[in-house]
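TrEMBL annotations:
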DOMAIN    B:8-189  domain 'UmuC'
BINDING   B:Asp12, B:Asp107  Mg(2+) binding site
SITE      B:Tyr17  site 'Substrate discrimination'
ACT_SITE  B:Glu108  active site
Amino acid sequence: MKFIISRDQILPPLQQIVSVIEKRQTMPILSNVLLQASDEQLVMTGTDTEIQIVAKLNIESISHSGEITVPARKFLDICRLLPNGAEIHFELQDDKVKVVSGRSRFSLSTLPAEHYPEFNESDFEHGFLLNAGKFKKALDKTVFCMANQDVRYYLNGLLLNVSNSKLKLVASDGHRLSIYEDDIGQATGYESRIIMPRKAVQELSRLLDDADAELNIQFSSNNIRIFYKDVVFSSKLIDAKFPDFSKVFNQSFMSPLLIQKQVLRDALTRVAILSNEKYKGVTFDISGDLLKLSTHNPEHDEAEEELIIDYQGEPLSISFNSQYMLDAVSNLDSEMAVLTIAGNASSCFIEEPEQPLFKFIVMPMRM
Amino acid sequence: MEAAPRKIIHIDMDAFYAAVEQRDHPEYRYKPIIVGGKPDSRGVVATCSYEARQFGVHSAMPSAHAYRLCPQAIFVKPRFDVYREASETIRSIFARYCERFEPLSLDEAYLDVSDSELYQGSATLLAKHIKQEIRRQTQLVASAGISYNKFLAKIASDLGKPDGLYLITPEQGPAFVENLAIGKFHGIGRATEQKMYDLGIVTGKDLKQLPLAELQRHFGKAGQHYYNIARGIDPRQVNANRARKSVGIETTFDHDIADQTTILRYLQDLLEKALVRLAEKQMTAYTLTVKIKYQNFVQITRGRTLAEPISDSPTTRLLLTDLLKNTGIGTTKVRLLGVTLSGLENGDSRLRQYRQMDLFDLG
């Protein structure tokens, strides 16, 4: 196995692959990247057994085809630290890989390619096409609400719901929820709900750096596979049903409250300084055209801010985790924020004023 | 002006559990007594009487090994209720003579008697009196070490044992440490001891030769402490109300277990007991840690911090199952299981300020 490749061509896909590989491995070969060279094509594969990234690179200078695995992080660091534009000569000699560039020479240990684990995928029943930029935005507006290591394991991921030409993404840790809905411009003719695990969602979001690219998304009830430029991203799915969240929509609501997003954000950041470190509670006292934010902590420090709002409803008082509120407000792209509180003060919707594609829901804290 | 040296007493009960057994069972007196696991079990020696120590038996040694060294020893199952009761009596004695005392365990405590005017301010005479009181009220023997800091007081109590009363004065302190073998330093365990030998450090004098920077390079954070103790310096205060940081319970099995359901049941059991102890102390915990020791003595821990207090709820039971994922459970046999609750907060969880509502609890 022998080929020459430029540093700048191999580096981006190698970084994407290493990002998926877990630092602490149970099987040594999982720390390695699989390299397969043949017919003017180099295929690189990395996996943590839950997620797999396969990158295909077209190179002309393959003098001997073959396949081998090398320690991924070390190989990446070598490529990364070589100068821009460097030419990398890669050659398998016995059980060592020689990496040579200019006057730099490296000899890497290897493990045979035939020991590299197979990533099993079932047949893909469904699929649709989507612009990468659009999907990336949908991910960015939802991922921050995913649970992390929650025992309700189905919350440690993202719900992807295709209903004919509608795509809906939902994430929730129970304390807050984010929902993104858009048209995918094609009648798929099916209704399907799958849950992508947290790490896969984060890796995918990192991968989609070209907003103009097209995605081909295929999935079954066990697997998802996404074709993005020269990369194939695969992940296993969480085998569970996402809990029913429709109740939160089916309730009566107070009048909406309108406020300058940046003003609310700045005030929240300031009052949060003196909130309880653990619960981060901030109380919203709403009356007429005034919103009063207040916090206090066990050390008896107190903070208060008064903000001008546009509100026609009854006076009310409600408390939230300030960080959850900040995350939601910060993720709005509009100048104004609309806050709508449910009739019995059981939840708060945060959204943009005009034709929003996404909504955030933050659950209150009770005294 | 330099502050007057402190006066610290370290009280350490002699062979505590074994001594309690010999007190309550006259037939055990003057005989090798081993409190702990049975010789045919896989338990260890908790404490042994001085008669057993002559055979080379010591605490933490596997009981089976102790039996080989001293087959005539009487093996006794620990009675922690009785030990705890004795310990409480001893603590009430401390409380009578000094406001600032820090129990380290059932049988050991530091007393700060710097401000005491009893016995014209003689800490040695006060320590002697406390020893007499302990003997009078519990029929048990304590050793006392008196010095100007915790480190030296503890070394002093060790040196006089049994029934010791040993004083290290501020004048003697530095020279005393110089002549001390490095293995005798409290807080220097076997691993550090070996590392010190490798560096050519055998006594306190050798340790003193090393500059601070080098000690920190070799031993990290502990470097400063080693630098200090080599000079007989130990600024640690006697902490009268040392906050409890965790509550833990563990159990070693008679036979290694492999079955996942059984393991889970044991863990739930341990968790329940830990929660009871926590409730007795009127505290709540946010972190649950599971400890597993496999058949081959390899030990792992898995923990998780929740936003809600740990309770005996279905969620917590799910969490236990979750923590066992990615462990050897099911494939490797287990000899010991433990549960620790930490991230403690005072007070009942119901008295908390705010409660975060959950979307999926909506009725």
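From the backbone N, Cα and C atoms, a Cβ is placed for every residue, glycine too.
Model, not experiment: these values are computed from the prediction.
Structural mapping of features recorded in TrEMBL.
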{"residue": "B:Asp12", "record": "Mg(2+) binding site", "Cβ within 10 Å": "23"}
{"residue": "B:Tyr17", "record": "site 'Substrate discrimination'", "Cβ within 10 Å": "27"}
{"residue": "B:Asp107", "record": "Mg(2+) binding site", "Cβ within 10 Å": "22"}
{"residue": "B:Glu108", "record": "active site", "Cβ within 10 Å": "18"}
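Look at B:Tyr17 (site 'Substrate discrimination'): DSSP puts it in a helix. A coil conformation is recorded for B:Asp107 (Mg(2+) binding site) in the three-state DSSP classification, outside any helix or strand. When pLDDT is averaged over the domain 'UmuC' (B:8-189), the result is 90. Reported as a whole number, the C-alpha separation between the residue listed as 'active site' and B:Tyr17 (site 'Substrate discrimination') equals 12 Å.
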